[in-house]
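Student: Summarising the annotation, TrEMBL assigns domain 'Amidase' to B:24-467. What TrEMBL lists as active site, charge relay system is B:K79, B:S154. The active site, acyl-ester intermediate annotation in TrEMBL covers B:S178.
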Amino acid sequence: MSAISRNEVEYVAKLARLNLTEEEAVKYTEQLNSILEFAGKLNELDTANVPPTSHVLDVYNVMRDDEVRPSVEREDALRNAPDEEDGQFKVPAVME
Amino acid sequence: MSLFDKKLADIHTELDKGELTVSDLVNASFERIARTEDKVKAFILLDEENARNRAKELDEQQSRGEEKGLLFGLPAGIKDNIVTQNVTTTCASKLLANYNPIYNASVMDRLHAAQSVTIGKLNMDEFAMGGSTENSGFHNTYNPWNKDYVPGGSSGGSAASVAAGQVYFSLGSDTGGSIRQPAAYCGVVGLKPTYGLVSRFGLVAFASSLDQIGPITKNVEDSAYVLQTIAAHDPFDSTSAEVDIPDYISALSGDVKGLRVGVPKELMGEGIDPEVKEKVNAALKVLESLGATVEEVTLPHTEYAVPTYYILAPSEASSNLARYDGVRYGVRADNAENLIEMYRETRSQGLGAEVKRRIMLGTYALSSGYYDAYYKKAQQVRTLIKQDFDEVFKKYDVIIGPTAPTTAFKIGEKVNDPLTMYLEDICTIPVNLAGIPAISVPCGFASNGLPVGLQIIGKAFDESTILRVAHAYEQNTDYHKARPEL
């Protein structure tokens with residue numbers, strides 16, 4: 001049985017905001033299956049009592065003082081924008 | 001002798017005596033690039049005007065007799081996923097072909113303070129995903145030792161450029177071996193520091209719990225100098241460690257008497273090329289002759305490291321790259337009728353095959369219903385892998401093995417077979433999962449004429465010891481002095 005079907009691949013692409021060509025959908029179904037099959041090896045291990053790694057170092061919450069600091073200038077923030085108008089990022093219509 | 005074969009200390013002495021200027025160094029770098037770049041293709045961008053201006057500035061400073069920074073005047077190449085203010089930073093992705101950052105990565109500020117000179121931005125696998133630099137959105141980089149072979153990846157440009165003598169040193173980033181593996185393939189020294197030792201602020205994230213910036217150099221001493229410059233706590237990076245930074249340069253004593261070396265049988269077993277094993281064994285003999293003791297040890301979960309990595313790294317990558325929407329920066333697809341279609345078209349047109357494959361895999365592994373089976377399971381196995389290292393380090397000072405199972409492979413040989421390519425990182429990945437430091441140094445050449453890398457792994461924040469061992473080994477061999485003919 002394959003771990004991931006063609007339909008699931010298309011659903012995952014939708015979640016990931018990717019359009020797949022026919023060729024990509026076929027190729028990724030095959031490749032994701034072989035990688036997931038490979039990852040299935042992890043099931044050989046009993047991890048019922050093993051805590052998941054959340055951080056490799058003993059680091060706790062990092063806090064800083066709540067001080068007002070200068071922010072990025074609007075002109076700089078917009079400098080790389082593909083499209084902008086009146087000091088704002090411009091995007092295609094959100095609603096119909 | 002080329003300018004870049006000189007030791008850092010000798011270069012600084014010549015600068016002081018007025019026998020050399022920073023402009024001479026920078027000219028030598030651009031001359032070497034002009035002569036070799038069509039064979040190597042290490043760079044995405046050359047920043048010639050800024051570099052020459054900076055050289056003049058430093059020459060004037062020298063003439064005023066001011067105190068010099070640790071890396072004063074040294075030409076540096078920077079992997080193109082490290083953000084540089086006012087210099088295009090592409091991550092080798094078509095999506096970011098026009099991205100001109102408004103700020104510097106913290107490591108760039110530190111290099112600037114240490115007064116090195118940035119020559120340009122180096123090629124890589126797109127968003128650091130890959131092991132051969134064949135996944136660059138722009139062009140391949142070639143192994144300086146033989147242009148039919150890959151330089152390794154994802155810091156392939158960083159390793160090739162240093163091996164080709166184009167820059168004095170470079171910075172790379174290492175998520176599953178991306179500094180050490182290309183360093184091994186190109187016959188140079190690559191260091192992956194402990195997770196958190198070097199700030200990731202301004203490093204374009206691939207897998208945030210694994211990524212770490214580190215130096216690629218021609219010898220171990222230079223590696224210590226660059227690490228000394230870039231290691232520091234950074235309040236801009238919440239995963240940056242607050243630890244005292246030791247003096248890495250004075251740690252290079254050459255003494256390894258009484259050092260306890262563990263050699264994991266899993267890294268010297270099946271799947272490792274016999275010639276690679278032979279070179280590693282010869283290197284261990286050198287260390288023994290210097291007074292170290294060498295014993296076989298076990299890291300029992302090594303065989304699970306690659307599948308663990310190929311769940312965790314794509315999961316984090318899909319999450320990081322989910323932020324790329326084409327709104328605030330980068331290249332946006334034209335003619336989308338609505339916002340969602342703009343996201344989809346932009347990402348579909350701009351991202352390469354390997355990056356899409358990993359986004360797909362990561363999105364699946366994190367999706368509802370599969371999270372426990374894949375992501376959580378992998379984080380549990382990661383704990384076991386880390387415990388393996390903790391166990392060995394109770395008795396041993398360093399762990400030594402090969403950096404990669406083979407020498408560099410041919411261009412095109414593995415590009416359509418991701419699983420086989422992923423196995424090239426089998427020796428380096430466990431180190432990233434455990435967050436500990438490791439260095440790759442040249443330890444000989446295989447019969448195909450390509451370099452072999454020796455990997456020395458240390459305890460968390462014990463860079464001093466791995467640098468000391470690597471340096472002692474280097475002082476007793478000549479492999480690091482070999483240069484490719486270009």
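Backbone N, Cα and C define each Cβ position, glycine as well.
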Student: Quick one: average pLDDT across the domain 'Amidase' (B:24-467), no decimals.
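Tutor: Average per-residue pLDDT within the domain 'Amidase' (B:24-467): 96.
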Student: Mind giving me a neighbour count for the residue listed as 'active site, acyl-ester intermediate'? Other Cβ atoms within 10 Å of its Cβ, every protein chain shown.
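Tutor: Cβ-Cβ neighbours of the residue listed as 'active site, acyl-ester intermediate' within 10 Å number 37.
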Student: Around the Cβ of B:S154 (active site, charge relay system), how many other Cβ atoms lie within 10 Å? Please give the count over every shown protein chain.
Tutor: 35
Student: Please report the Cα separation of B:S154 (active site, charge relay system) and the residue listed as 'active site, acyl-ester intermediate' in Å, rounded to an integer.
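Tutor: The Cα atom of B:S154 (active site, charge relay system) is 5 Å away from the Cα atom of the residue listed as 'active site, acyl-ester intermediate'.
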Student: Inside 10 Å of the Cβ of B:K79 (active site, charge relay system), count up the other Cβ atoms and send me the figure.
Tutor: 31
Student: How many Å lie between the Cα of B:K79 (active site, charge relay system) and the Cα of B:S178 (active site, acyl-ester intermediate)?
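Tutor: That separation, Cα to Cα, works out to 11 Å.
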Student: Helix, strand or coil: which one is B:K79 (active site, charge relay system) in, per DSSP?
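Tutor: Note: B:K79 (active site, charge relay system) is in a strand by DSSP.
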